[in-house]
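*Asks:* Have a look at this one before I ask anything.
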Number of protein chains: 2
Amino acid sequence: PLCLCWVLGPAAAAAPNILLLFMDDMGWGDLGVFGEPSKETPNLDQMAAEGMLFLDFYTANPLCSPSRAALLTGRLPVRNGFYTTNGHARNAYTPQDIVGGIPDSELLLPELLKKAGYINKIIGKWHLGHRPQFHPLKHGFDEWFGSPNCHFGPYDNTERPNIPVYRDWEMIGRYYEDFKIDLKTGEANLTQLYLQEALDFISKQQASQQPFFLYWAIDATHAPVYASKQFLGTSQRGLYGDAVREIDDSIGKILKHLQQLGISENTFVFFTSDNGAALISAPKQGGSNGPFLCGKQTTFEGGMREPAIAWWPGHIPAGGVSHQLGSVIDLFTTSLSLAGLQPPSDRQIDGIDLLPVILQGKLIDRPIFYYRGNELMAVRAGLYKAHYWTWSNSWEEHSKGIDFCPGQNVSGVTTHTQEEHTYLPLLFHLGRDPGEKYPLSFASEEYQRAVGTISALLQQHKDTLVPGQPQLNVCDRAVMNWSPPGCEKLGKCLKAPESDPQKCSWPH
Amino acid sequence: PLCLCWVLGPAAAAAPNILLLFMDDMGWGDLGVFGEPSKETPNLDQMAAEGMLFLDFYTANPLCSPSRAALLTGRLPVRNGFYTTNGHARNAYTPQDIVGGIPDSELLLPELLKKAGYINKIIGKWHLGHRPQFHPLKHGFDEWFGSPNCHFGPYDNTERPNIPVYRDWEMIGRYYEDFKIDLKTGEANLTQLYLQEALDFISKQQASQQPFFLYWAIDATHAPVYASKQFLGTSQRGLYGDAVREIDDSIGKILKHLQQLGISENTFVFFTSDNGAALISAPKQGGSNGPFLCGKQTTFEGGMREPAIAWWPGHIPAGGVSHQLGSVIDLFTTSLSLAGLQPPSDRQIDGIDLLPVILQGKLIDRPIFYYRGNELMAVRAGLYKAHYWTWSNSWEEHSKGIDFCPGQNVSGVTTHTQEEHTYLPLLFHLGRDPGEKYPLSFASEEYQRAVGTISALLQQHKDTLVPGQPQLNVCDRAVMNWSPPGCEKLGKCLKAPESDPQKCSWPH
């Protein structure tokens with residue numbers, strides 16, 4: 001049953017807590033409820049059974065940093081600056097030598113939620129820049145436990161420092177030093193730490209009576225994949241599956257905690273992932289995109305369609321399934337709506353409010369834009385997807401064994417040169433052909449009709465687009481995490497080399 | 001809760017009705033509960049939620065006739081004669097010029113169930129031979145509504161007669177003449193006829209108090225795919241999806257009928273399919289094998305892993321999931337067990353009794369043999385699968401556009417020449433790599449251990465194997481359905497050409 005107070009409008013209802021469970025490199029096909037053959041995610045499957053499953057939910061970019069920037073700003077990366085112009089259609093992110101990050105001019109979800117009295121916490125990976133001005137607590141978060149970058153390593157602290165782990169304003173240690181990740185066994189207890197942080201924060205907030213926004217951005221399924229000892233070897237799927245099982249178990253515990261505290265009916269929970277499974281790391285370190293084409297880094301369905309579940313007992317009818325075209329950018333607008341806030345009116349917001357979809361089962365007509373770096377590669381409207389550009393990766397990279405589409409090869413589609421189709425887009429019907437294997441005939445009436453519609457949407461989008469200042473162009477070893485705040489107390493400050501700004505190299 | 005009477009052993013319990021819902025060319029990935037992205041099978045998903053889902057269930061052959069012969073005999077096709085020696089590792093079936101069929105020496109499930117008082121009906125496709133001696137009513141069935149062959153056509157009745165539709169002993173018409181299939185629109189009301197037959201038979205049997213065995217072998221998902229008018233255009237997936245939706249709707253009605261008659265707790269229902277989705281017919285006429293490799297005709301997972309659901313309210317705990325390695329041949333043994341009968345002891349039966357799995361959640365250690373024609377191509381034990389031969393199809397066929405693995409190409413695996421690996425099998429771990437993309441290193445300890453186990457199973461199997469007389473070697477236009485019994489009454493007898501037996505041509 002719908003919450004009666006809801007009928008009175010969001011403002012009249014107490015603003016619910018908002019919990020975003022944001023996965024790293026987890027693919028559409030990684031959950032039992034999405035057809036993973038080992039079916040090892042009972043808690044997520046149960047969450048879907050009690051909530052609403054989204055089958056056509058997307059990220060805004062097939063790579064981590066831009067996807068996260070999009071979620072927190074409600075804007076496409078090409079607007080919020082999370083892209084590069086160093087090369088055409090190149091994915092870019094925030095390695096520790098990146099100079100850029102989230103611009104101050106961007107309004108982040110937690111900044112806005114503060115106006116409605118929310119206490120905001122990020123647990124896990126920030127990935128919107130690690131230099132001081134980009135710190136999450138300068139962008140609306142009140143608390144942080146986690147890391148600014150990926151948990152790559154270990155590094156020698158000379159050529160490259162190990163990545164710091166922060167608690168709030170200051171670092172409290174570094175990966176591989178104070179926060180162990182055993183690359184050989186895959187053992188690390190980080191998911192347990194992130195779980196405990198979440199449980200503690202929820203308990204504390206429940207006691208304080210202030211609404212919370214918790215952004216649980218964990219990373220056990222991103223290479224190097226890891227799991228705690230008690231989960232190692234428990235999955236049929238190997239180490240990657242162990243990580244998924246631990247996450248599934250943790251999410252079960254978080255949802256149970258909400259129920260035990262009696263606040264599940266006042267907490268909106270959304271589960272999704274930042275991009276498709278990293279098939280380059282499969283099978284040991286990469287997941288599954290189910291029946292979809294290719295993976296992370298690409299604008300095929302495998303790169304951008306995400307598992308997604310909304311859960312809010314007493315508000316979302318159990319067992320719902322939605323074919324709404326949704327996107328991570330919608331989580332921004334939807335969260336504001338939950339808080340009774342309007343999205344900013346001084347800028348273009350790309351996300352839509354999904355509450356009518358989630359609470360009333362409506363379907364909202366809207367396109368999905370598939371960007372890769374500075375290029376709009378494809379557009380989906382309804383069941384049709386038109387590719388204006390196709391590319392997996394270069395022959396040069398491919399010849400080194402880097403393959404974003406292992407075992408898959410669709411002639412003229414998974415191309416290794418950047419192929420322009422702007423005058424005659426490749427068109428797929430994703431209902432009949434979710435795997436993007438059978439382009440529609442250019443001569444068909446269906447093609448003409450669908451491409452007409454989509455190209456008009458594309459034109460409208462391009463005509464009004466004002467790209468943001470690209471943030472991911474310049475790299476400099478001097479900006480690495482040599483001496484993060486708090487390093488003095490720990491005796492972990494390192495000497496930075498001299499500044500030597502360079503164009504970042506983005507091969508894909 | 002388990003039926004209490006069951007504890008006393010099958011013989012003490014009233015023998016339950018047995019209903020096998022056997023699909024045609026439906027793939028593992030075609031059901032919502034198995035991750036089909038359109039999620040259009042609410043009734044089958046519900047059946048799974050109320051019953052037990054099998055994720056590792058197989059057919060005995062990647063083609064229709066041998067698969068059906070295996071189901072009804074509990075024996076591998078190489079034993080029951082449903083294979084050819086005309087070429088190495090060639091799939092064969094029963095087109096209407098086939099001379100062979102199910103040998104009298106084979107004991108079929110309905111023959112055996114008669115001993116326990118069952119009334120047996122087949123609705124749909126027989127496919128074990130169409131000459132008089134092979135008639136299903138000569139092999140244990142009491143009733144038949146359906147056809148001996150695939151619904152290919154229309155034919156001109158000169159070169160080739162249209163396929164007859166039988167009611168019991170006699171034909172009552174022919175496809176495309178009396179039973180319309182509109183190849184242009186895909187419209188045919190056959191599934192509705194098959195549904196009504198099932199409902200009527202169940203009602204009649206319920207009244208008679210005799211247990212029934214109903215083999216519902218429908219074929220709307222086999223090319224030419226069809227659906228009734230009210231289902232045309234209702235699926236996101238196109239015509240194939242329309243057919244699936246109609247089947248899903250029909251199965252919902254059948255299960256509801258059992259419940260309304262109050263016999264659902266006394267009717268064991270099992271849903272599965274005869275082989276993987278026919279990817280050569282995709283996207284319009286073929287389904288989905290989810291994340292698996294290739295399709296029908298091949299011994300990769302996409303060719304032989306099947307969707308499977310057991311349903312028996314009050315006996316099978318709701319929402320169960322099993323990783324038991326199961327096979328269509330087990331439905332023979334399991335059905336006998338349900339009826340309180342022992343399997344024949346005078347011959348090798350390959351099927352196992354799945355009741356301990358279904359009722360008590362046990363796991364039984366057993367291998368899966370992947371045959372293609374006369375060759376044992378691969379063996380699965382536990383999570384490991386060893387390929388002793390690999391082949392998709394020949395370069396010659398492939399160059400004509402016949403592709404069993406569209407968009408998929410795993411180097412050295414989806415080979416277009418028959419590749420022998422008997423001395424060094426290709427080994428896959430299906431948990432970590434369900435898509436058979438990453439063969440294990442020959443040098444690894446894991447490889448040595450797993451191949452050792454599997455090769456011992458293979459040797460044991462081969463050492464004791466006594467192949468049956470191959471039934472699918474000889475074709476003759478004279479044996480086509482020119483004048484089936486009953487044709488006189490209908491004025492539908494056709495003149496047969498002179499006998500001209502030939503070796504059948506099996507290109508794959």
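For all residues, glycine too, the Cβ spot is worked out from N, Cα and C.
Automatic prediction, not curation, is the source of TrEMBL annotations.
Keep in mind that what you see is a predicted model, and the values were worked out from it rather than measured.
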*Asks:* For the Ca(2+) site that TrEMBL assigns to A:Asp24, A:Asp25, A:Asp274, A:Asn275, which of A:Cys64, A:Cys150 is also named?
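*Replies:* It is A:Cys64, as the record lists it for that site.
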*Asks:* Check each of A:Asn189, A:Asp274, A:Asn409 (the recorded positions) against chain B and write down, in sequence order, those whose C-beta lies under 8 A from a C-beta there; write 'none' if there are none.
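*Replies:* Listed recorded positions passing the 8 Å Cβ cut to B: A:Asn409.
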*Asks:* Taking every protein chain in this structure into account, which of the recorded positions A:Asn189, A:Asn275, A:Asn409 has the most other Cβ atoms within 10 Å of its Cβ?
*Replies:* A:Asn275
*Asks:* Over the domain 'Sulfatase N-terminal' (A:16-340), work out the mean pLDDT and round it to an integer.
*Replies:* 98
*Asks:* What are the other residues, in sequence order, whose C-beta lies within 8 angstroms of the center of the C-beta atoms of A:Asp24, A:Asp25, A:Cys64, A:Asp274, A:Asn275 at the Ca(2+) site?
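*Replies:* Checked against the 8 Å cutoff, the neighbours are A:Met23, A:Met26, A:Thr59, A:Leu63, A:Ser67, A:His222, A:Ser273, A:Ala278, A:Lys296.
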*Asks:* Using C-alpha atoms only, work out the spacing between A:Asp24 (Ca(2+) binding site) and A:His127 (active site) and round it to an integer in Å.
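*Replies:* The Cα atom of A:Asp24 (Ca(2+) binding site) is 11 Å away from the Cα atom of A:His127 (active site).
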*Asks:* Going by DSSP, is A:Asn189 (N-linked glycosylation site) part of a helix, a strand, or coil?
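*Replies:* It is coil.
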*Asks:* Within 10 Å of A:Cys64 (Ca(2+) binding site) (Cα-Cα), which of the recorded positions A:His127, A:Asn189, A:Asn409?
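*Replies:* Within 10 Å of A:Cys64 (Ca(2+) binding site): A:His127.
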*Asks:* Just to verify a number: CA distance, A:Asp25 (Ca(2+) binding site) to A:Asn409 (N-linked glycosylation site), in angstrom, no decimals.
*Replies:* 22
*Asks:* Check each residue in the chain of A:Asp274 (Ca(2+) binding site) that is at least six apart in sequence and keep those whose C-beta is under 8 Å from its C-beta; list them in sequence order.
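*Replies:* Listed in sequence order: A:Phe22, A:Met23, A:Asp24, A:Asp25, A:Thr59, A:Cys64, A:Ser67, A:Arg68, A:Leu71, A:Glu306, A:Val328.
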